[in-house]
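Structure first, commentary second.
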Ligand SMILES: Nc1ncnc2c1ncn2[C@@H]1O[C@H](COP(=O)(O)OP(=O)(O)OP(=O)(O)O)[C@@H](O)[C@H]1O
Ligand SMILES: [Mg+2]
């Protein structure tokens, strides 16, 4: 009898361990639905999705970096600079698509630079990307003269307002496509497998005859690309590019990955769960908006909730202990 | 007054997510006794000791220490009861010094301030007392060889007030001299009335050192034996459950052209003027004491470390591999000695480990073909008869010996022409050892050149076609098959 009870409680903890990210989401969802009858309306849901599409894409890049055991603090700056540059390119007469491609390519190049510093010169990712954070944010201010850049209304803001099948926001579709690509890459390709392996034990991967540096450089490059694409998405919602976008965004992206079960020491990471992490953050924000909590207390509360949810994550997935 | 036993573990059972690791296991350790605990890879030895160490609780069973029933709920409780376990996998802080590691839990003396001078002196004293005075207390752990790291680990626990010392495969990384020193030390401890539990796959050692032997198999208790009253063959039979006819199977390989020729290789401090060659189908042993520079030599050839001077000719072409990538691309495999740090991805599934070197074979446009991936992993693991539950299990959930098989599997998947094996049977049980020897023979018979670094004399003597002996970074001699005798090797090792 006793062992039965034990087994039962064991299987419950196993369940919580396995699905804690989803449980967190469920709790947030329920709270939202209880607090506000407006929550479950399509308008509200699509609004949220527009608002968080950029973070989702940024988090995907971050996830790859974290999976290698690194970190990218510069994503918020990339987002700002990406929004500024895409606006500048459009205003200089470039077509929408070429403007976006050029913008994103620049993000890729800068990300590659961080990657080279981390992989080849063995600089700590924290330092490299922190320096990159101020450099790129500074560049965004220089390029924009410190003021928002408007774009003609029929260009990039089209992207933000357009819908698929008259109802689903294009930004949401774009974000979902990116997530699908990342989920595939992480789970099904040798690239994904090597990235995770590198995070687990870089030494072993190198001695297995794999050019670890290529992969390290690639993840920072991809993160730069994703964050810049995030900038394009942010600009598309308002039609404005500004160096003020994305302040503190790196923390949200990191939080989304960690809530999604990624370990900061590398070797783990799931694209889908990271999206759930983004959703948890989105719902926390939404709850507070629905309750009309003012903005500064919002930050405090959000910070606390992130700590709490990450703690929960750590406690329920405590696998490290045991010799 | 206590009982005559220091430790009594009765009816211990333990499951890991449904898999039974221990099943009604019994174990008793008497006072002033060196007691061997043996069994195949995955038999549950480390698990039993982990329970004693308080790493995790048993599901069922009782533990008595000194005759009193105790609940060992945490490592701290275990330590307070005077139990000290030296694990199979080392647990030192790599960036700290030797002295800091030895005294890690009592660094500060007065008011939280560290007296560095005293700390270092104390560490030096302990090391000298244990016969390892040549280890510098100021050296960082990461700069020491694995063997010396092991010694530090032992010193660390002996510097505490231990009554029961558990050594989980301590000699796997030590060489003859160091083993002898360790044995002197352990006998000393025994004569002071302490108890030693000794886990090893090297039966010669057990007969030399231990008073009693407990055999376990598949988590179950098989029996207790006096070392005096049992023979090695009987013991193997009890362990494996069948008779093991030959530990070293015969090899029938044709030795062909030269595959690798190294001339006057210099690299760093530990590789000085090394020249040797190896032919197709040949197994060349590298013997020497720990720190002789064997690993460093091979790492330099493999492109893991930089070469200062010298030439390497590989299949008739002069080459310098600038990275392991280039070496592997050219068909060289390298099984490192330090399994946990270099050989395997502990936190990754078994499958990801095995096919890591062969991803090209199982991918199409870099998309992994699940079936091919799974199939390759399964067939190779079968080849090395690795014991595992599911391919998706983490390697860390395997027993030490099976982890080694996974590390080896990775290179079998890679289709190498030259295989460098650094201590290939470390921590592997007799049955599996024989299997690994068989794999080495198969490799040689299929025309692969095999370099085998080994600190186990028997292995070197029985497996090698030729042996190079290294000492302090230089090759001190080459022994052809007919001169292979342990005295000859020993002489070259110590440089007489
Ligand atoms: N943390 C764990 N999770 C799941 N299974 C485990 C875990 N630890 C051990 N096992 C399983 O328990 C069994 C016993 O393992 P254990 O490490 O005790 O073997 P061992 O006798 O020490 O073997 P070796 O000689 O290879 O070190 C193995 O089948 C192993 O896979
Ligand atoms: Mg073990």
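Start at 1 and count along the chain as shown; that gives each residue its number.
Any Cβ shown, glycine's included, is placed from N, Cα and C.
Those TrEMBL annotations? Automatic predictions, nothing curated.
The annotation transmembrane segment is assigned in TrEMBL to A:21-40, A:52-71, A:78-94, A:100-118, A:125-144, A:164-186, A:214-235, A:274-293, A:300-318.
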**Leading contact stretch, A:52-71, A:78-94, A:125-144, A:164-186, A:274-293 vs the transmembrane segment (A:100-118) - CB distance under 8 Å** = A:78-94
**Item:** Top Cβ-contact partner of the transmembrane segment (A:78-94) among A:21-40, A:52-71, A:214-235 (pairs under 8 Å)
**Value:** A:214-235
**Request:** Answer yes if the transmembrane segment (A:214-235) and the transmembrane segment (A:52-71) have at least three CB pairs under 8 Å among residue pairs 6 or more apart in sequence, and no otherwise.
**Result:** yes
**Request:** Examine the transmembrane segment (A:164-186) against the transmembrane segment (A:52-71) and state whether at least 3 Cβ pairs sit under 8 A, considering only residue pairs 6 or more apart.
**Result:** yes
**Request:** Please give the sequence-distant neighbours of the transmembrane segment (A:125-144): residues at least 6 beyond its ends with Cβ less than 8 Å from one of its Cβ atoms.
**Result:** 65, 70-74, 76-78, 80-81, 84-85, 87-88, 110, 113-114, 117-118, 220, 241-243, 250
